[in-house]
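**Q** Pasting the relevant annotations from TrEMBL:
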DOMAIN    20-258  domain 'Nucleoside phosphorylase'
BINDING   Ser27, Arg69, His70, Ser102, Ala103, Thr202  phosphate binding site
SITE      Ser182  site 'Important for substrate specificity'
BINDING   Met201, Asp225, Tyr226, Asp227  substrate binding site
SITE      Ala237  site 'Important for substrate specificity'
Amino acid sequence: MKLVKATSPDELRSMGITPRIGVIGGSGLYDPGILGDAVEVQMHTPYGFPSDNLIVGRLAGSWVAFLPRHGRGHKYPPHKIPYKANAWALRAVGVSSVIAVSAVGSLRQDYAPGDFVVPDQFVDMTKAREYTFFDGPRVCHPQIGVEPFNEEIRRLLVEAAAKYNKVHDGGCYVCIEGPRFSTKAESRIWRDVYACDIIGMTLVPEINLIREMGMCYGLLALVTDYDIWVPHQPVTADAVERMSAEKLDLAKKVLVDVIPRIPDSLGEKCSREMANACI
Ligand SMILES: CSC[C@H]1O[C@H](OP(=O)(O)O)[C@H](O)[C@@H]1O
Ligand SMILES: Nc1ncnc2[nH]cnc12
């Protein structure tokens, strides 16, 4: 793969590379292997380097920018991922809609390991991350609460995922700080008090920052485990990796199906939603 050091996004555009769709790969998905004419793009942002070089290539006529959230080799733990640089880099190359893929634990019996979930809400239980680009003097209060995950991307993901696997339409993702998994007592709280359905460590602040940059966001979540509330089956990193590897090809099929269906105009809606956020 050719390496392009993009000193400016204009340089990419002058090469005719204009990705509108971004894909963020989670645990197990470090190289999409679905993009033609792919180049590696090394970006430096005002927030440092992203998790890895972007892999930018074509899918069904559209340019797509792929970024492995943890970096190739899984070198960034969830609390150290350069979320700001990742969001900035995707926006800078022209991305307006992002599809992310994540491994998650399940907090309910009927969302079983191996199933996909396309969540529609989240609860943030992280503790020490950089949550916003708006640190002043420009003060903004983004309203993403009604539809944190873009409904059109959600619908496309549910339809596509249903062709290849069991999928659950909707669910609340609780994002914990990590890197440790939850205790039994915490898991009980996420389930019974917060009424959440799935659990992970990476959604926040990824979703906040991508939405602040005016991009749409949708998540394809793969259930890898029952967290810790099913007796004798406490989640392990190894179990997460194994289930992710098992279902990787299905996740790629979903991406290949969905990406060409995302209209270019979708990004404008998400960008407009941010217009009223600032004081
Ligand atoms: C590898 S175990 C836990 C790890 O997996 C999930 O990551 P991702 O959302 O990137 O698939 C989870 O959030 C943890 O970071
Ligand atoms: N049970 C779990 N808790 C937090 N993150 C996870 N990622 C996958 N399974 C998880």
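Keep in mind that glycine also has a Cβ here, set from the backbone N, Cα and C atoms.
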**Q** What other residues of this chain sit with their CB within 8 A of the center of the CB atoms of Ser27, Arg69, His70, Ser102, Ala103, Thr202, the recorded phosphate site?
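**A** Checked against the 8 Å cutoff, the neighbours are Gly25, Gly26, Gly28, Leu29, Pro78, Val101, Gly200, Met201.
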**Q** Long-range same-chain neighbours of His70 (phosphate binding site), Cβ under 8 Å, sequence gap at least 6?
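**A** Counting only residues 6 or more apart in sequence, the Cβ neighbours of His70 (phosphate binding site) under 8 Å are Gly26, Ser27, Tyr30, Ser51, Tyr76, Pro77, Pro78, Ile81.
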**Q** Rounded to whole angstrom, what's the largest C-alpha distance between any two of Met201, Asp225, Tyr226, Asp227, listed as binding substrate?
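**A** This binding site's residues have a maximal Cα-Cα distance of 15 Å.
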**Q** Checking the recorded positions Arg69, Ser102, Ala103, Ser182, Thr202, which are within 10 Å of Asp225 (substrate binding site) at the Cα level?
**A** Ala103
**Q** Within the chain of Ser102 (phosphate binding site), which residues six or more apart in sequence place their C-beta under 8 angstroms from its C-beta?
**A** Gly26, Ser27, Gly200, Thr202, Leu203, Leu219, Leu220, Ala221, Leu222
**Q** Check each residue in the chain of Ser182 (site 'Important for substrate specificity') that is at least six apart in sequence and keep those whose C-beta is under 8 Å from its C-beta; list them in sequence order.
**A** Ile176, Trp190, Ile199, Asp227, Ile228
**Q** Find the longest CA to CA distance in the recorded phosphate-binding set Ser27, Arg69, His70, Ser102, Ala103, Thr202; express it in Å as a whole number.
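**A** Largest pairwise Cα separation, rounded: 12 Å.
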